[in-house]
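Engineer: The following feature annotations were taken from Swiss-Prot:
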ACT_SITE  Lys40  active site, proton acceptor
MOD_RES   Lys40  N6-(pyridoxal phosphate)lysine
BINDING   Arg136, Met310  substrate binding site
ACT_SITE  Tyr263  active site, proton acceptor
Amino acid sequence: MIASLHRPTLAKVDLSAISENIEQVVSHIPKQVQTFAVVKANAYGHGAVEVAKHVSKQVDGFCVSNLDEALELRQAGIEQPILILGVVLPDGVPLAIQENISLTVASLEWLALAQKQGLDLIGLTCHIKVDSGMGRIGVRNLKDADNLIAGLKALGADVEGIFTHFATADEADDSKFKRQLSFFTDLVDNLTDRPRLVHASNSATSIWHAATVFNTVRLGVVIYGLNPSGSVLELPYNIQPALSLETALIHVKTLPAGQDVGYGATYTTTAEEVIGTLPIGYADGWTRDLQGFHVIVDGQLCPIVGRVSMDQITVRLPKVYPLGTPVTLMGENGGASITATEVAEKRGTINYEVLCLLSDRVPRSYD
């Protein structure tokens, strides 16, 4: 999808805020660790290449979701270690070796398939994934972990790391977290051949369970200035949202009472109202369930009225404003603010999704 450069809708990314957030989190971890910045899903909508280049001297490596995301970083000149957190099938091994990209290996079945295909794993760096209770990918017991490590090494691979992922580190009830932590700790402590890097800490763990980190952490949504729990848990220190979403009024009209607005005629004016149109819609990631939410114009919260269209939304204004008047959808404007978490709560989802859904039609600018 091509970026829509010739309209006023723009996501502004403050790269210095990301750097400061990394410094803030790392300063509160009570021991020296290796830090991997998670830049999957286009750095949670912020721009993977731009973010990686900016923080490259602050972190020890990067995590992505798949091989194509890793290749994007390599092609942009990123030379630091890159770990793919998802499973890449064995046919991707030659390219991973060629580009010095670390793979996650999550099962003995993967190893068996690599052996069946006659793959030489010399030059491959990999991390073992342990399913400690998430129920997705990973080995589920010590025997499988030992056998997987031994089998990979027998084929020439460098088994650099072992890791797990917590399902509830961002929740007030930490009982599930403690069970997963105990399972993973016991497994790692009893490995026949323990890899060099051990990591379980995502953003939430690094914030609220910093004392439990191993020797490596994966920092994701927190470096972009978002609370991993939404509003469930209070942050113990300040972080700065790195992305704001802005547009401008492209049409303003005064409608008399009784006039319908938008598809389905779901909104009808009850008195004379000033209606403004903004060039953003669900094709940009501003989804249909945001009808009834608000934007900021001139420091005032203005409700979204009528359905969100593919390319446009309509808002009720307190007065007539000139075309081109700035409008904030996320961020600060005239003393008022809207956060990604507030958008997420309106939509019944999480702040991660709000930013990840911002489409390529929305250009990003960087400060």
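Placement of Cβ uses the backbone N, Cα and C atoms for every residue, glycine included.
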Engineer: Count the Cβ atoms, other than its own, that fall within 10 Å of the Cβ of Arg136 (substrate binding site), considering every protein chain shown.
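Structural biologist: Around Arg136 (substrate binding site), other Cβ atoms within 10 Å: 11.
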Engineer: Residues with Cβ closer than 8 Å to the Cβ of Met310 (substrate binding site), same chain and 6+ apart in sequence?
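Structural biologist: Expected: Gly281, Tyr282, Ala283.
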Engineer: Could you tell me which three-state DSSP class Lys40 (active site, proton acceptor) falls into?
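Structural biologist: Reduced to three states, the DSSP call for Lys40 (active site, proton acceptor) is helix.
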Engineer: Taking the Cβ of Tyr263 (active site, proton acceptor) as centre, how many other Cβ atoms lie within 10 Å?
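Structural biologist: Taking every protein chain into account, the count is 12.
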Engineer: Can you tell me how far the Cα of Tyr263 (active site, proton acceptor) sits from the Cα of Lys40 (active site, proton acceptor), in Å?
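Structural biologist: With the alpha carbons as reference points, the distance is 35 Å.
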